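The structure under discussion appears below in the form of structure tokens.
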Amino acid sequence: MSNVRPTRPADVSQRTWLLVHPKGIVVRREGDAVAFPTDEDVAQLAIDVSGAHHLGRLEGSEVDAFAVACNADVELPAPLVVSNLRELFIPLGDAQFWLAGRAAQVVDWASTHRFCGRCATATERVENERCLRCPACGLLSYPRISPAIIVLVRRDDRVLLARNARSTYGFYSVLAGFSEIGESLEETIVREVREEVGVEVTNARYFGSQPWPFPHSLMIGFTADWRSGEIRVDGEEIAHADWFPADALPPIPPRLSIARSLIDAWVADIHATRAAAEVGK
Ligand SMILES: NC(=O)C1=CN([C@@H]2O[C@H](COP(=O)(O)OP(=O)(O)OC[C@H]3O[C@@H](n4cnc5c(N)ncnc54)[C@H](O)[C@@H]3O)[C@@H](O)[C@H]2O)C=CC1
Ligand SMILES: [Mg+2]
Ligand SMILES: [Zn+2]
């Protein structure tokens, strides 16, 4: 996805539409096939596309993607349906899923910054930049992105996994937390792990990152090592946590998340270390 600077809906040959509904994303669902609505689909819906946000051109195609909000009461003729964003990861595949995530974040930003946060004047779109400007006091509102660390903590050949008290999925995962004002990411890691499970960590190393459009997080992944302390969960956010060996893991998150990538990479590391030790015998 070339992240071209957004322009107004250009008179492009082909457009694909990301219709962001309060309950998810509108897609064409025909059997197992899922696709984004076409110009023809959108033309038959009574929605105003004048404020559409250009998301960029789909890799290697002449198709330009546009995001626009649609109301909860929009009538959707078959095969158009509303799908929860997370449920679209498998049917859409990576590139299209993250495009839908980008659409959800752009529409969330535009719908929550219609008025200036300083003087309540209606904001206006800035040409050629994803920004809303207040004509009265000049305040600029760019899309909100909330940095959140996510960290896999190791202790010898075990990993710290926790079950979130609020999660309905029931799986165990690595720890995560939003950065607070004035913190470095390394400080967030130490604070969040101390707050959530009561142990001290060291040796934080960058792993990778991932946009997380629920609604506007940016996940920054790290590994770290246990330094001291025994697990004592906070009981509010974390219901249970423990140290798990690679061959006896509890239920873990699906492939969509960087949490799963962190865990998979650690398991692969453990197996490679064991294999090397076998060879060395
Ligand atoms: N992609 C992945 O693998 C994973 C993503 N996540 C995401 O990471 C983010 C942080 O995870 P949590 O453990 O929930 O955060 P956290 O441990 O900082 O606690 C969440 C609390 O932070 C506060 N909060 C909510 N939105 C905030 C924001 N934008 N900035 C600052 N504070 C905020 C609220 O009080 C909320 O209860 C969430 O968006 C969560 O969905 C969490 C685990 C895995
Ligand atoms: Mg957390
Ligand atoms: Zn203002």
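Using N, Cα and C of the backbone, Cβ positions are placed for all residues, glycine too.
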Divalent metal cation 1 binding, same site as Ala176, Glu237 - TrEMBL member from Glu186, Glu187, Glu196, Glu200: Glu196
Which of Glu127, Glu129, Glu195 belongs with Arg86, Tyr142, Gln210, Pro211, Trp212, Pro213, Phe214, Pro215, His216, Ser217, Ala259 in the substrate site listed by TrEMBL: Glu129
Non-local residues, at least 6 beyond the ends, that sit with Cβ under 8 Å of the motif 'Nudix box' (177-198): 146-149, 151, 153, 160, 162, 204, 217, 220, 222, 224, 229-234, 237-238, 241
For substrate, whose listed binding residues are Arg86, Glu129, Tyr142, Gln210, Pro211, Trp212, Pro213, Phe214, Pro215, His216, Ser217, Ala259, the greatest C-alpha pairwise distance in Å: 32
Extra residues within 8 Å (Cβ to Cβ centroid of Ala176, Glu196, Glu237), divalent metal cation 1: Ala162, Asn164, Leu175, Gly177, Glu192, Glu195, Asp234, Ile238
Three-state composition of the domain 'Nudix hydrolase' (143-269), taking helix and strand from DSSP: 25 helix, 56 strand, 46 coil
Conformational class of Arg86 (substrate binding site) under the three-state DSSP mapping: helix
